[in-house]
Amino acid sequence: MDASNGSQDTEQTLDSQVKAFFDSAPPLQNRNDIIQKLNHFIQLNSLSSENGIGKRIVCVTSGGTTAPLEQRCVRYVDNFSSGHRGATSTEYLFLHLLLFLFLSMKLFLGYLFGDLLEGNEYYVAGYVECRYFLKAGYAVIFLYRRGSFQPFCRSLPDDPLLECFEATEGLNIQVREAYSKAVKTAIVDHHAAVDSGLLLKLPFSTIFEYLQMLQIISKPMKDIGPRAMFYLAAAVSDFYVPWKDMVEHKIQSGSHILDVKLVPVPKMLSVLRKDWAPLAFCISFKLETDSNILLNKARGALEKYNMHAVVANELSTRKEQVVVVTIDDKITVQRDKSKADDDVENPLIKLLSQRHSAYIEDPKRMR
Ligand code: 9Z3
């Protein structure tokens, strides 16, 4: 068998595995509702596109998928992810847009009063920063695991409802003084993002829901070409029990051995790149616990799935440092430790949005 036949066979096998996965998956309950929300969101955010500097749209995936063991699921295999990476990254993806609004004001004031204040410096600085942040402003589709971390809620305690609020007279509730700033910021920023049509939140739990939703999202994303980005931080099941092989009812605990056959989940990253949204800028994540194999694995994923970048992280240091692996670079990105509340997602999003800019200008140069 020659090499070309070999890769054709592999493609056919993958295609048939993908087909089998979707054919046997339980249908999404609110499929039509999701499609409607999504089309509205993408249409709204595509309208502002002018001279190629219009809004970019990113699908951020966040949290871990479950692989159910029973159709009427009581037990499942879970994938570790708190959702912190996805939620925090979403905030930074917006922050650039909010900063843009702030900088526009600075630009306007600089234009009016520049001569009186600091020569034209204010105006020029405002203009330069403005162009950068305008380019970095994203509308975000946040595909997240139910119950995982949410954007704008990082500063809240674990159980916000019970810890941030207290009952006063009658039916009144008030925010505890210590949390008033955090609660207000979370509510204001969250509502601003959703109400202005910049944030669409879609929840999943199982691997079946996640992959069906990713496929649905990629359809309208395909139409916006290189301005689309996929930031795939969700921890996705590698193995699952096909729906048709799954027992219907709760597995009984009588026997001493639990004998369940899990099969590999077809590698949808290749399909996303090849068929679903071939022009979108795609970033996947590689998680390992052994730092000795991390970079080789990330490089392998980059090549195998034809990603534009793979973010390599090690479980215990993932909040301090990541390495962005591209076809010709390996860039270490670290949290600024001199600032107590800085996150590694801040420089990471800055770097990736710059790379995305370069890609939009010349998609062929970066693959
Ligand atoms: C990641 O590596 C994420 O950075 C983390 C974030 C899950 C570590 P947290 O949510 O953690 O902030 O607690 N995500 C991708 C993990 C993954 O499943 N990657 C696959 C792989 O490694 C490729 S899609 O094989």
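Just so you know, the numbers here start at 1 and follow the chain as drawn.
From the backbone N, Cα and C atoms, a Cβ is placed for every residue, glycine too.
Note that this is a predicted model, so its numbers are computed, not measured.
Quick look at what TrEMBL lists:
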- 92-113: transmembrane segment (TRANSMEM)
- 222-335: domain 'DNA/pantothenate metabolism flavoprotein C-terminal' (DOMAIN)
The domain 'DNA/pantothenate metabolism flavoprotein C-terminal' (222-335) [mean pLDDT, rounded to integer]: 96
DSSP-derived helix, strand and coil totals, residue by residue, for the domain 'DNA/pantothenate metabolism flavoprotein C-terminal' (222-335): 34 helix, 37 strand, 43 coil
